[in-house]
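Copied from TrEMBL, the annotated features are:
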- His232: active site, proton donor/acceptor (ACT_SITE)
- Cys248: active site, nucleophile (ACT_SITE)
- 153-271: domain 'L,D-TPase catalytic' (DOMAIN)
Amino acid sequence: MPNIHSTSTADSRLSVTSRLRSGVVVIALAALLATALTSCGADEKDKRSRSAPVDLATLVASTTHAKLPRAPKDAHPLEATDGDVVHPRRVLAVYAAPGRRPFAKVTPQQMNDTWLPVIDQRRGWTQVLLPSRPNGSTGWLRTAQLEQRQTPYLVRVHLGSRQLELVRDGDVIGTWSVAVGAPETPTPTGRTFLLGSVVDTNQGYSPLILPLGSHSDTLDSYGGGPGTVALHGWPDASVFGQAISHGCVRVPADALEQLRLVPLGSLVIVDQN
């Protein structure tokens, strides 16, 4: 005689198990669907953020006069680059990261044509050093909107030994004793770049001034300007080898003649050596 009770219990267990399994499948599918919808929502939000029109008029121009507290900090302030430099063909938005909202803009010209050193690249994006405060400010630009060249030059300034080295294609082609910032107004360390080449007839100490993308860390302004650090000449040779300036690097006449040949955007690395 069959065990009807036993068979019924087994069928019941199978039915419960089947329902549980079905429930698990439904829950799993629901979870996958929710994840997919969330992912799609995030993707759509990201796409909208990337495709949203940029009102350049509302953005601060990254110049030597600007302060950009939202700019990402240079992560490798003493590292040389491959020498790539870029020029914005028109006014461009500057982003804190690829595809994010812009925080500034760059213009094709400042005191000269704007050339910025490349410090990183990702697909469709180029990270550059900016000429604004705080020192070490960086930003991302869309690569397709840039003109790109390469400079063979690198300038190294050693504050400890008070020397300037001019490097071309990896070889040191000149070394000079220079004057650097005094202890109370030190020359800022890190990597910056040659921002401009200016003849200023209102002064008599240097036939040419080469402003950098960096600023004094102790002076908010100097001589009516924003405290921009520069390479320039000096008529009194006794200053060379001393820490005596307001932050600029004073160089001998023959050094200035060589430096005038260095393309804008070329990297300048200042260290404590």
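Placement of Cβ uses the backbone N, Cα and C atoms for every residue, glycine included.
Whatever TrEMBL says is automated annotation, not expert-curated.
DSSP assigns the residue listed as 'active site, nucleophile' to coil, not to a helix or a strand. When pLDDT values are averaged over the domain 'L,D-TPase catalytic' (153-271), the model yields 98.
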